[in-house]
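Quick look at what TrEMBL annotates:
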type	residues	note
DOMAIN	60-313	domain 'Nucleoside phosphorylase'
BINDING	SER66, HIS97, ARG117, PHE118, HIS119, ALA149, SER253	phosphate binding site
BINDING	GLU234, ASN276	purine D-ribonucleoside binding site
Amino acid sequence: MKKIQRKFLAASFTVRNVKAVIKADPETDLITFEMTTANFEDVNAIAQFIKSKVDITPEVGVICGSGLGKLADSVQNSKMLAYTDISGFPQSTVEGHKGNLVFGTMGDKKVVVMQGRFHPYEGYSNHQIAIPIRVMKQLGVRTILTSNAAGALNRQLKLGDLVMIKDHIYLPGLCLNNVLVGKNEDRFGPRFPAISDAYDPHLRFLFKQIAEEQHVSDAVQEGVYVFSGGPSYESIAECKMLLMMGADVTGMSTVPEVVVARHCGLKVFAVSLITNISVMDYETKQAANHEEVLGVAAKRTELLQKLFEELLRRM
C-alpha cells in the first residue's frame, strides 16, 4: 500500500485586530480554530496611555446606553478623551453613541463615563467588546453602573419605565459564543466565573430606595433582561418565546459587558430604560424603530441622571 505523505497545514487571518489561526494536525486530521485577542499587556498599554492623558483615577465606570449619552453632562470638572484618540480602542458606529470617555466627578465619586458602547452586530468580536471593561478595571474602577435602551416583553411595563436588571438570559452565551470563550487570562479573572450573583442586590436596594424618596418609584421596576444579537428587532414569535422563557425586557447589549465585569471582580448595577413595547400581535401595524428608542431616551435621561447621581453618593 502506498503511504500518503501528509503535511501540517495552517492558515491565519486578521479581522478588526482579532487574529484567527486554523490548524490541521497531519496525524489525527483534527482541525482546530484558535483566536488570539487583546491580551493583558495590550489592555494595560491602553490603560497606561489613558493615564498619561488624564490625571483622574476613577472608582466607578458608567456606561451610557442608546440616546443616554447626556448622562455625562452631570460630570463635574470633566476631562474628555475620544475613542478615536486611543489606539487599540473600539470605535462607536451607532447613532446615539458619541464615542467618548468622560472623566470627572459625579455624585461625589470619581467616574469614567463611556458615551457609547460596542455591539456584536457592528462587526466587533466579543473580545473587542471586553476591552473597555478590562481597561476600566486597570484604571482603578471597582463598580460598573450600566444603562441600556430595551424593549418590554412583560406587558406590565410601560414606555419610560426604568427596569433594574436582577438577572439575564445570555442567548449567544448558551451557544458557545460567550464573551469569555478562548484562552483565559488569569490576571483578568478565573476560567469559570460564577454569574448567578451578577447584579449587586445592595445597589438595587439603594436605587429603589432613592426612587421612593424622589416619588418616582412607580417608574422603577425589576426584571430579567435577555440579550439577543441584533441588529434586527425580534420577530413576534421570538418575543413570545422569550416571554415564556422568563424574560421581561430584551436588548442588544449589556450582558457581555456584565460577564466581563464579573470576571474581573467588579460590582455591577444595570438598568434598562423601556424605549419600545415589543410587538406580539400579528394584526398590528406597529413596529419597533431606532428613532422611537432615541426619542424616549431623550425624555428620560434627566430622571436617570438624578437617580444615578444619588446612587453614587450612597455607594
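Even glycines carry a Cβ here, placed using N, Cα and C.
Recorded features from TrEMBL, shown on the structure.
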| residue | record | DSSP (3 states) |
| --- | --- | --- |
| SER66 | phosphate binding site | coil |
| ARG117 | phosphate binding site | coil |
| ALA149 | phosphate binding site | strand |
| GLU234 | purine D-ribonucleoside binding site | coil |
| SER253 | phosphate binding site | coil |
| ASN276 | purine D-ribonucleoside binding site | strand |
Cα-Cα distance linking ASN276 (purine D-ribonucleoside binding site) and ARG117 (phosphate binding site), given in Å to the nearest integer: 20
ASN276 (purine D-ribonucleoside binding site) and ALA149 (phosphate binding site), Cα-Cα, nearest whole angstrom: 8
Inter-residue C-alpha distance, PHE118 (phosphate binding site) and GLU234 (purine D-ribonucleoside binding site) (nearest angstrom): 19
Model confidence over the domain 'Nucleoside phosphorylase' (60-313) (mean pLDDT, whole number): 92
Nearest of the binding-site residues (SER66, HIS119, SER253) to ASN276 (purine D-ribonucleoside binding site) - Cα to Cα: SER66
Cβ neighbours of ARG117 (phosphate binding site) where a neighbour is any other Cβ within 10 Å: 25
Neighbour tally for SER253 (phosphate binding site), based on other Cβ positions within 10 Å of its Cβ: 27
Separation of alpha carbons, GLU234 (purine D-ribonucleoside binding site) and HIS119 (phosphate binding site) (Å): 16
Cβ-Cβ neighbours of ALA149 (phosphate binding site) (radius 10 Å): 25
